[in-house]
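Worksheet for the structure shown next.
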């Protein structure tokens, strides 16, 4: 039964890690430089499944080392090499996550394939430095027991403690501190988010824009009917319905400014209600509120241009600027500024990237937690045997 379970684990490990390597190398969306860590880690796991576990299984089932003594020394060195490489790979991945979160702009420019390959090479060199001493320094192995040969790890106390610290305890401490730091940063940004939440533009909550000085507080925004009426006035016709207020020279000579422009001093006289040159910002806000559930991420923008006269304001535009957006309503047509889609897309793209980073960090934290729990009993007992023989 044990042999069947271990054999299944060997096949599952080889198949699963081969799929990881194949996915990273063939999928365009997974060709990010940091995914090279996963390729190298999967290669180390495949080497463990093919060169280490089968011989360990045979040694456990037979009760002695069936193979040659030379292969026993190589086997033990490879065992330490591949297992240490797997643990240090996880440590390097956690540091990569930490730098990506804390130094996003600076580190993303430095996260090149060449830099990642250099880090991977350093990981393998660290594992080699920890695994090679038993091959070079034999130490006092003591008399060989009579009977069947055994293949055991180096029993030197200094090597046991040094290899345990370098292979497990130091990387484990680094990973715990790094992921704790990432968690605190994510929690701080989550608590800060509702206070500074202002949409793609980075502003605060929506507030009504100030009305220009001299404008009536009850002034209505232009509608299609008022636009047609203003056009009729420009052609010499009077309004079909409604009362018309007297127009002062100041009102006729000064065009109304958008509500988002700074207020100008005026004589305190009320301006004409229904003028098409008035601000269209409030109407745009009303329409944005109606379509907020259907189109998330919409950002209000200032009017693109200020018409010189009511007639020109009410006339349909002959040509719209490229990249601009038009909000058509039952009361008229509002031309929103260009660049809104670009700003919104950048904000949502950045938010999606941060979400993926957090999700990937959470998955790695779970994997590393399980990995540490699986390795801790062995390294604890292995180190305890050197301290208390």
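Any Cβ shown, glycine's included, is placed from N, Cα and C.
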194-216, 332-354, 355-377 - the one Swiss-Prot records as region 'Disordered':
194-216
Does Swiss-Prot give residue 70 and residue 187 the same topological domain, putting them on the same side of the membrane?
no
Could you pull the average pLDDT for the topological domain 'Cytoplasmic' (96-117)?
87
From recorded positions 72, 79, 151, the one whose Cα lies nearest residue 163 (site 'Implicated in catechol agonist binding'):
79
Cβ contacts of residue 79 (site 'Implicated in ligand binding') (under 8 Å, same chain, 6 or more positions away):
48, 52, 56, 131, 153
Stretch among 37-62, 73-95, 157-180, 364-387 sharing the most Cβ pairs under 8 Å with the transmembrane segment (118-140):
73-95
Same-chain residue ranges lying at least 6 outside the topological domain 'Cytoplasmic' (26-36) that approach it to Cβ under 8 Å:
93, 96, 100, 111-113, 115-117, 120
What is the number of other Cβ atoms found within 10 Å of the Cβ of residue 163 (site 'Implicated in catechol agonist binding')?
23
Check for me, if you would, whether the transmembrane segment (364-387) reaches the transmembrane segment (37-62) - at least 3 Cβ pairs under 8 Å, residues 6 or more apart in sequence.
no
